[in-house]
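What TrEMBL says about this protein:
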- 129-601: domain 'Major facilitator superfamily (MFS) profile' (DOMAIN)
- 1-22: region 'Disordered' (REGION)
- 97-117: region 'Disordered' (REGION)
- 127-145: transmembrane segment (TRANSMEM)
- 165-184: transmembrane segment (TRANSMEM)
- 196-213: transmembrane segment (TRANSMEM)
- 219-244: transmembrane segment (TRANSMEM)
- 256-281: transmembrane segment (TRANSMEM)
- 287-308: transmembrane segment (TRANSMEM)
- 320-340: transmembrane segment (TRANSMEM)
- 352-375: transmembrane segment (TRANSMEM)
- 387-409: transmembrane segment (TRANSMEM)
- 479-505: transmembrane segment (TRANSMEM)
- 517-539: transmembrane segment (TRANSMEM)
- 578-599: transmembrane segment (TRANSMEM)
Amino acid sequence: MTSSITTTQFLNASDSPETLQTSSKRFPAIPLTCTNNPTLSFQVAAPSMAELAQPTSLDGDKSPSSFEAVLENRFWDSPLGSEKLFDQDDNKNVSALPSSIGSASSGSSNEPPKSSITPSMSRIHEFAFLIVVCLAQFLSLGALNQTVAPVMILARFFHIHDYGTLSWFSAAYSMTVGTFILPAGRLGDMYGHKRVFLIGWAWFCIWSLITGFCYKSGVILFSICRAFQGMGPALLVPNAIALIGRTFPIGIKRNTAFACFGAAGPTGATAGAFFAALLAQLAWWPWSFWILSIVCLCVMFLSYLIIPSEKRSVSADRPTFDYLGCVTGVTGLVLINFALNQAPLIGWGEPYIPTLLVLGFLSMAAFVWVELYFTSHPLIPIRGLQLDAAFALACIAAGWGSHGIWAYYLYLFLEHLRGHSALLTSAETSPVAITGVFFAFSTVWLLRRIPVSSVMLIAMVFFMVGSLLMATTPLHQTYWAQTFLSIVLMPGAMNLSFPAATILLSSALPKEKQGIAASLVSTMVNYSISCGLGLAGSINRYTIQRASNERGLQGHPAPLAVTTPEVVAARLEGLRCAYWFAVGLGALGVLIAGVFIFVTKKRARAEGK
């Protein structure tokens, strides 16, 4: 039996102590009802100021208790909470108040039962735990930039003569990260998040090592190994989110933990770009992969020692795996992505490109049918996705597709067209780390003051403006003008859109599917980056081809080593068209977010709010 407890009136956990004290007088009792049996109800007294000043008993935390923590304790001590109304494992679906996004894991469960919450840890243990978990996000984005920062060094090493082949090095990695996040999250629910987390580090370690040894094997094998390398972060990221949600109780600690996790993204991307460029320029580029492999091995060992073991109930029903949904979904996503990223290399005239695209869409149609009508434990709860969730995912697809184009072509613009070294380019993009941390920690503050839909609109504007600045940047303009401003703005788009989308999905999904919100957003983020690169690559290819024909150039596209004024002008035109496509995606995101705000306000007026 699966039941849930809801409140008919509740307070906001972010309210000040004065507000909570006043509200406690206004609401001397919080009524609880069982959604499966409305006749069962019980009133729990609202917390007093004295209780809110005491440590919560959920994990022995020494910080002041959150409103939810005190109320949850009172529920479990109440007659309704002590009744045997639930199966032992069903307690995870019980909450006195709606869970924050911090409880989102990658599977179908919500907040864990009281008995499964990790025992209290010392502050040093908590700090160490947070470091090893955030390293999953840090190194995942750092590995993405391993082939972005030294892009021209790799082009010379592999004798690559076009941008499309270069984009595969990043697109292959993002493709597998985005494709396998949801299945990896379900595996964590089935076999334990710590166990899958450790397997993810082992996989990341092995394939980073193998990728570094592909220097003798050519472009195709190197791209394939990059794809397999990306499966490591796919195992790591959703289970890292789940570990944070299951370790820290609702309140300031969890919010801080997720802010740190968000800040690890831009700092990891910056660090990855810097060290990859440093090693490629001063030593040899494979060393960045070998060193990453060693780091992954060390982090895996530390994670085994630091992360507490999960205590699973013997009688708990283990979630089942949606094998058919996984096969159809993964097949469809891979075929579509491969077709989009292969087209810039050989052109859309090759028969197998549209064939793969059609097969991919047919496979995705089969996936939707399986999720709707065949399986009882779908990877994606399509039936539970409301209009708000569709708006959020559409914004993420448009915005992050724009971001992938912005990031990849920014390095090409600085290194290939302006002639900057890989190390100098990494230094020029380093402000991403500073502004990224700022936006990561200010997001929680901002979300408490303006509607989530408005935060999403701001993020989409940042995506659009950041790409617009690069689309109109003169080739010989100083770095401190449009380029610097674009680099400063883009982290705001990244760190505002992700939590906003997660909150919107968390609100739109049913209670028993709350955990899938963050994983679904992560999937859309990474997959959109890869698909955006493929589409922009086609635009870039055909634009350069047309511009070369107009200038009477032979052998287009010209080898990357050719830097005559006519060739550079043709490449700049192709790059600008790719950036204008990114601007269009950002503008589409702004339009979707604007429509969402209009629909939300119209709905609120209809409900009389």
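Using N, Cα and C of the backbone, Cβ positions are placed for all residues, glycine too.
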Whether the transmembrane segment (165-184) meets the transmembrane segment (219-244): three or more C-beta pairs under 8 angstroms
yes
Cβ contacts under 8 Å made by the transmembrane segment (320-340) with residues that lie 6+ beyond its boundaries
171, 175, 178-180, 182-183, 186-187, 190, 353-354, 356-357, 359-364, 366-367, 370-371, 374-380, 527, 530-531, 534-535, 538
Folded-back contacts onto the transmembrane segment (219-244), same chain, C-beta under 8 angstroms, at least six residues removed
102, 104-107, 130, 133-134, 136-137, 139-140, 143, 147, 158, 160, 165, 168-170, 172-182, 184-185, 187-189, 193-194, 196-197, 199-201, 203-205, 207-208, 210-211, 254, 257-258, 261, 296, 307, 515, 518-519, 522
Stretch in 127-145, 287-308, 479-505, 517-539 most in contact with the transmembrane segment (196-213), if contact is a CB pair under 8 A:
287-308
Have the transmembrane segment (517-539) and the transmembrane segment (127-145) got at least three CB pairs under 8 Å, pairs 6 or more apart in sequence?
no
Given 127-145, 287-308, 387-409, 479-505, the one sharing the most C-beta pairs under 8 Å with the transmembrane segment (256-281) is 127-145
The recorded stretch from 127-145, 387-409, 479-505 sharing the largest number of CB pairs under 8 A with the transmembrane segment (287-308) is 127-145
